[in-house]
Ligand code: HEM
Ligand SMILES: [Cu+2]
């Protein structure tokens, strides 16, 4: 007899969030494809300058902020319901999801109608339509509702299970949501009290104050993407290999460090901003290196887990365990492991970015584009893609079609990312700028600037290599979306019952790590120390608001 699904409402929210995340991946990816060709000498120009910057805004907003966030919502709801086996607050969850979807659609309209060509960082004094900022505020409120539903469910579960440790995947979800809730209030302040008045009443904005609060949010945003990916590396990856994570304690220690050290580092995005004392920038540099520690812990833990799985499969000797793993056979394993390798490579350029003085050499160059495509586009997005191969059948009750083709998705993505990464990192070292429609940038095409032309000539092959890589991983993305949409509507039936699933290692007794309130308190103290100093500096000096400026060529300009 069919068991009724007790998570009907939660599953519906997760399904809406998941499908919406794939639509955003499609839209953002399409512009990625157009822009990587358009900005490369010798390749077809598929965009005009106006469309380039509109598309780039949509690319950043749709992929960096929204695709990741909607996938994470689906994952969080799935983990909480299946691992804790409890219902979530339906009205809160549903309201949050509706707000986030409506806000995203409003934002897309604002961008596509040329009313918000401000890139995903919307730095003032760049002016945009109020629709864009209202959309951002609505999305934020929606995510807070969803965050509240997740925390309430965990809190209720803890009350029902005194003395029991929080299971590992739920612990990762908690860390993710806590980081989001710690990071977003200053962003809400910047949007509601600075950007919105700027767009409604042309009110001037102090650029430095705004950027301080934007980057307060902007750095933890990357941990908001990464922690769910790491959660998958610690739980789902070992499961598909028939084992468990090498050290659960080290995994929890890593989550704890992510929680306490991922927010107070935002000044590392402002190394070149005048008006912030170098000592405060240095403090944030030190904290940035601290937040690299949990990533190192994760690297050791994941590799040890893979070694354990390889030896279980009969792998012998120093390297035999590597070849014993199901490379190229299991698309979930292959995708997640490729994602981890891409993320590991990106760690090297990340250390360069984080160095106070070396950063000056790569700031705002294509190097940065190479770096974050390997992290969020590689490590995170490929992990989410590979996890979809499991999540889509479980949630939609339909299996993947053409299963033999699935392995091509992580392979194309991995190879394309590596090539794109090499091309853009090297082009960046040669000072190819990011965020620039190179074909029409006056300073790059002025025949009197011989020196510049000389440099431009050197970038060309590397940008072309980047374009080849970009097209290859865009193809992987297109294949993934095609197979996923066909499977959701036409895939063969896949049975899912509404019962609990074992995602994490069996929970034991609670430990220090389960004192969640205390850990959030420690995080708050470090944040206050790291941010009060630059904030006092900026406010005591007094603000110097700048009048808004419509980007050239914008429809309302
Ligand atoms: C589908 C294949 C993709 C291609 C071909 C592609 C290509 C590009 C290129 C060439 C740029 C640099 C544009 C410039 O600075 O002028 C860019 C920017 C960016 N991409 Fe992608 N990308 C892809 C997928 C992704 C994914 C999956 C993500 C994240 C999940 C992502 C996130 C970003 C972000 C955040 C920016 C920066 C936008 C900005 O500077 O405002 N991209 N992309
Ligand atoms: Cu950062």
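Every residue, even glycine, has its Cβ placed from backbone N, Cα and C.
In TrEMBL, annotation is done automatically, which means it is predicted and not curated.
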Transmembrane segment according to TrEMBL, located in which of 405-427, 428-450: 405-427
Range annotated as transmembrane segment in TrEMBL, from 495-515, 516-536: 516-536
Positions whose Cβ lies under 8 angstroms from the transmembrane segment (405-427), at least six residues beyond its ends: 36, 328-329, 331, 334-335, 338-339, 341-342, 345-346, 349, 365-367, 369-371, 373-374, 377-378, 381-382, 385-386, 389, 459, 462-477, 479-480, 483
Positions on the same chain near the transmembrane segment (332-352), where near means CB under 8 A and six or more residues out: 226, 229, 232-233, 236-237, 240-241, 292, 295, 299, 302, 306, 325-326, 358-359, 362, 367, 370-372, 374-375, 378-383, 385-387, 389-390, 407, 409-411, 413-414, 417-418, 421, 425
Stretch in 92-112, 462-486, 516-536 most in contact with the transmembrane segment (132-154), if contact is a CB pair under 8 A: 92-112
Positions on the same chain near the transmembrane segment (287-306), where near means CB under 8 A and six or more residues out: 223, 230, 233-234, 237-238, 241, 243-247, 250-251, 253-255, 257-258, 261-262, 264-265, 268, 321-322, 325, 337, 340, 344, 347, 350-351, 354, 526, 530
Of 57-80, 166-192, 212-237, 372-396, 516-536, whichever stretch has the most CB pairs under 8 A to the transmembrane segment (462-486): 372-396
